[in-house]
Structure formats: C-alpha cells, structure tokens
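Per TrEMBL, transmembrane segment is recorded for 84-100, 106-126, 138-165, 231-248, 255-276, 301-318, 338-356, 376-395, 407-430, 469-488.
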Amino acid sequence: MADKNAERADIVMDVPIDEVEEESPTREDLVDYFPRYTLKRSGLVAPDERPPGLQSLVLGLQHVLAMFGSTVLAPLLMGFDTNTCLFFSGLGTLIFYVVTGGRVPSYVGSSFGFIGVVTSVTGYAYSPGASSNPNLPLATGGILVCGVVYGVVGLVVMAAGYRWIELLMPPGELVGGRAHWFHRRHSKTSSSSHHFNQPSQTVVTGAVVMTIGVNLSSVAIGQASGSGFDGYMAFATVLSVALINTYAPAPIRRLSILFGALTGYLINLFCGLGGAGPRIDYAGVAAAPWVAPPKLQAPKFSGPAISTIAPVCIVLVAENIGHVKAVGAMTGRNLDRYLGRAFLGDAIATIVSAAGGGTGTTTYAENIGVMAVTKIFSTLVFIIAALVAIILGFIPKFGAVIHTIPTGVFGGLSIVLFGLIAVTGARIWVENSVDFSDPRNLLTAGISMLLGAGMTSARVVWGPIQLDGIGVATFSAIILYQLLRGWGE
C-alpha cells in the first residue's frame, strides 16, 4: 500500500495537478477507508502519517489559534452565538473527516461568504454585548437549504466528476471571507494549484470574490465610524494587524488577525481605564456561567431568505476546489478524487450547523497556511483541533469575553478582512493572466462588480425569490461569461 501511494505521489509530482485524471474509489480504498497512520518524526508529514503524540497536540492547538479569528469574527458580525458556532465548527470538522475518510486535511469553520446575505436578510448590526440576532432562524433556514444544494452538488461530483463546475464557474483562490494572503505570502509550493487551463475563465471567480469584499465595505466603515474614538481604535487595529503581518516572526504572522485584535482590544481597554474613552463592560462576562451546553435553535424557512442565501453555495464550491488543489499541490498528491466527498462533508457540516442555530461552514485557508509552514499535513491533527473547539463551545464565559470586543476594534478587523477579500479577487485575475483587453472579460467583471458594489441595500424580488447585491453579481458574472465566452472558438 505504501509503495502504491509513493508511486502515485511520484506520478503526480511529474504532472500538473489540474491534468491528472480523476480516480474512482477502489475496493482497496473501501477496505482502508480511514488512514492507517504511520509515525513520521521529521520532514514532510503526509495526510496518512502522523507526528509524535506531543507534537500532534501542539499542532492541534496551533490550528485552533489559526482558525479562531475567523470562526469568532464571522458569527459576531452576523449575530450568532459564539459558543454555538465554535461547537459546530469542531463537529463540522469531524464530519468532514469522516466523509472524506481522513484523506483531505482541512479545518471547517464559519464562512464569511454568508455575512452579506445574512445581514441583508436579518438586518443585524454588531455592537459589543448585544444579544443574538433575533431573526437568526430565518438565516439558518436559508443556510440549511444552501447546504442541501451544496450536498447535491457533492453527490453529482462523486458520480460524474467536477470538470463541469470548472466549465460553469472555474475555481480560484476563493476565500469565503478570508484571504489566502495568509498562506500564499509565505509559501510558493501551492502556486501551481491556482492556475487553470483557460485563464480567462477566472474572470468570473475574481469578480465574485471582489464583489463580496466591496459589498461588505459599508459594514466595516459603519463600525469604524460610530464615534471619533471608534475611528481611532479602528486605525490602531488596522495598523497593528499590518505591522504584525509584516514584521513579526513567521509563526506570529500566521496569526496576525488574532494578535492584531488582541492589541487593539488592549489599547481600548487601557484607554477606557485611563478615562480616554468608554470602558469595556464586563457585566455579561460576570453573569455568564463557566460551563453550559451550546444554545441551539431550530431554523425557519422563508422563500425570500432562502433565495438570498442559497446562492452562496456557488462560492463554497469554488472555494473548496481551490483549497483541495492547494493542499494537493503542497503534498504532491492528487486529491481531486476526493473533491466530491469534500463538497459533501462541508455540506453536511453546514446542514448540521444550521439545523442547530450555527453558521454555514467552509474549509479554512488559514489552516492551509499553517500546513504550508509546518509541512505537516496529517489529518489526525485536525481531530485534536476539532475536539478543542467542541470543548470551547461548552464554556459560555469564554464566549461572553469575545462579545466584549469594542465596535472600533471590530471595525478595524472588518476593514482588513473585507479589504483582503476584495483585493484577492484582483489577484486572481493577475495570477491567472486574465486579458482585460478582451471585451468579454471586461464586461463580465465590470457589470457584475458595479451591481455588487451598488446594491448594498437594494434587492431584486420576483415572487418568493429575492437576491441581494452579492447574489445578483454572482449570477450576472456567470450568465454574462457563458453568453460571451464564444463557444464556437
């Protein structure tokens, strides 16, 4: 078995990752569904290998830190309970592990791709110590249906392959709300996974990604401009993240959002204690119990909410393809055969999370960045990270502390994250050599971008169907590209 895997890895290393044909599961795969982990003490650790026990535990905690910023910030922006989302991120990661047979190393957490549509449907705006979003059941109903559609896509891919998806809307460095800037900045090994046979097709992916960032920009500015003090705190937070990501040691740079948030929080705390700004209110922290089960609530189903939120599955699909290919390129193994299972695992995680009152989920680029630095791709490490997240979900006092993040600090973090999403869309175009002298690309990108940027509050309503700016921009980019691509050429 080991010789067979080694031979396959050698073959994949000699052939571009996008040109390797998909493989159907073999009888041997069904017998050995989960990896039989072999100990590897040094060098690159493959998904079916494991580092020593203590090192595995430390790496699991490192992956928790890597995902923490996004898994906490996304729920806060949408008004979800932080503990509930941490619990479901851990549970979702375990689901993903089981569905993929432990063959694809990934952490599954709250997706930023849902922020725009959820706030659009529910009208929620973040403020420190605020109660949960009162309209969450409408949002989770839409997220659950989105997960079902996503799961159907996964089943189709398992049966028929994924090439049809690349034909419809080719993948790129989709982020679901988080920039691949975290891992690409320090790793050149994954670059081959982000170039495709028809570069012009990535105009669609780039337009969708940029639209998400631009559409959410008003949310970030609103948080950062609530008062003069909020503006100063937003600036301090943005500067902290930038300086940490540029000048800190490599392991700290991986966690620049987390440490930038901590820096901004401490500045705000000391300013409040010194009378230079409002004090942070810890009444909610004092009242919160140390241990309690996550808060669960059932979803409600509404036509307008479903039609607004369900299109996000397009983002999740394209994002997951990019992540699987990135990991495949870094490990030297062809993981394309697991794409259908990866879609299905993420979809089931999303369905389960939404059914209990959690956010939609996605695979995390931040954790891919950690793997790029450590060269440890063992899927066993993610089981440890998932268990830690589940435990955190049972500590309400921890979640209460998170809910004290000041509005200005949160606004600074939002400016960084949403700005990175927008510029990642542009980088997809640059890295894949999209030709903007071609009017087809120019019109596809320009029209969809303008619609997404301008429709921050407007909606397209047709009976029970309702689309916000992100949804309109997504479908506009796909339809325009298909109409203008030139099928006869």
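Think of each number as a place in line: the chain as shown, counted from 1.
Cβ coordinates come from backbone N, Cα and C, glycine included.
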Checklist line | Annotated stretches the transmembrane segment (469-488) and the transmembrane segment (255-276) touching (3 or more Cβ pairs under 8 Å) | finding: no
Item checked: Folded-back contacts onto the transmembrane segment (376-395), same chain, C-beta under 8 angstroms, at least six residues removed -> 35, 37, 40, 44-51, 56-57, 59-61, 63-64, 67, 71, 83-91, 93-94, 97, 102-107, 290-294, 327, 330-331, 367
Next item on the list: Determine which residues of the chain contact the transmembrane segment (407-430) at the Cβ level, with the cut-off under 8 Å and only residues 6 or more beyond its ends counted.
Entry: 69-70, 73, 76-77, 112, 126-128, 172-173, 175, 177-181, 194, 202-203, 205-214, 216-217, 219-227, 229-238, 240-242, 257, 260-261, 264-265, 268, 436, 445
Check: Taking pairs 6 or more apart in sequence, does the count of Cβ pairs under 8 Å between the transmembrane segment (231-248) and the transmembrane segment (255-276) hit 3 or more?
Finding: yes
Next item on the list: Output the single range from 106-126, 301-318, 338-356 maximising the number of Cβ pairs under 8 Å to the transmembrane segment (84-100).
Entry: 338-356
